[in-house]
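Asker: Following this message is one structure expressed as structure tokens.
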Amino acid sequence: PYQCNQCDNTFSLNCNLIQHLRTHTWKKSKQCNQCDKTFSLNGYLIRHLRTHTGKKPYQCNQCDKAFSKNNHLIRHQMTHTEEKPYQCNQCDNIFSLNCNLIQHLRTHTWKKSKQCNQCDKTFSLNGNLIRHLGTHTGKKPYQCNQCDKAFLQNSVLITHIRTHIGEKPYQCNQCDNTFSLNCNLIQHLRTHTWMKSKQCNQCDKTFSLNGYLIRHLRTHTGEKPYQCNQCDKAFSKNNHLIRHQMTHTEEKPYQCNKCDKFFSEMIVLKDI
């Protein structure tokens, strides 16, 4: 094991020890001269300062777009080259982003081999099986240390704890807004980058994304391109088709974080 020479902590991996040592040696000493935020690394401070100055030093050499972060530029440049450098070593699929390759690899390696001993459901991951078993036993192993609530899933507990401490770990890289949930950050980022520029030629509504415009146009044309493969019903929106298909499979993927109940529709869960 790797032991810290400044405290009693030990680690199984050297990289974890190195990361831990930074908590001893790195102090928040670099303060932004525009606000009261401080940072442990100069690079973090420089990146934060761009939220005040609007500076975007990473310029695309194919068009006039520029970015505040280099990884954003790299991801954008792939839209010009259609480069897909990440190849699956088990089939011929290639991907432009490593995260997409990782997700794809799971289709090769994860098989539904873990069966619930209470019902006939099977799961590809042991964690999913354990979480499912809690619906039979009622066991909620993740206890909040601020109140008496307990949860089936650790991720739900973490989200709940933020309601006590007010933690907002997801920061916008274009302004000072912070969010407790990543999905809220993603939604907020659209206010910076997406403008309402696509207008319906049937009415005066405008949309930020072409997909939203196409979906809206179906309200005028009556088109329903999403056909159920179990019956003859069709829908104008894909999410409506998915919701309908659950009536055939009786799937209930949405779990209430206050009790053990599952629901086929998120809207039902929101109304509780």
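Yeah, the Cβs are placed from backbone N, Cα and C, and that goes for glycine too.
In TrEMBL, annotation is done automatically, which means it is predicted and not curated.
Note that the structure is a prediction, hence the values are computed from the model and not measured.
Sharing the record's features from TrEMBL:
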| type | residues | note |
| --- | --- | --- |
| DOMAIN | 2-29 | domain 'C2H2-type' |
| DOMAIN | 30-57 | domain 'C2H2-type' |
| DOMAIN | 58-85 | domain 'C2H2-type' |
| DOMAIN | 86-113 | domain 'C2H2-type' |
| DOMAIN | 114-141 | domain 'C2H2-type' |
| DOMAIN | 142-169 | domain 'C2H2-type' |
| DOMAIN | 170-197 | domain 'C2H2-type' |
| DOMAIN | 198-225 | domain 'C2H2-type' |
| DOMAIN | 226-253 | domain 'C2H2-type' |
Asker: As a quick check of your reading of DSSP, tell me how many residues in the domain 'C2H2-type' (30-57) are helical, how many are strand and how many are coil.
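Answerer: When I sort the residues of the domain 'C2H2-type' (30-57) into the three classes, I find 12 helix, 4 strand, 12 coil.
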Asker: Could you give me three numbers for the domain 'C2H2-type' (114-141), the DSSP helix, strand and coil residue counts?
Answerer: 12 helix, 4 strand, 12 coil
Asker: Looking only at the domain 'C2H2-type' (198-225), what are its DSSP counts of helix, strand and coil residues?
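Answerer: Grouping H, G, I as helix and E, B as strand yields 12 helix, 4 strand, 12 coil.
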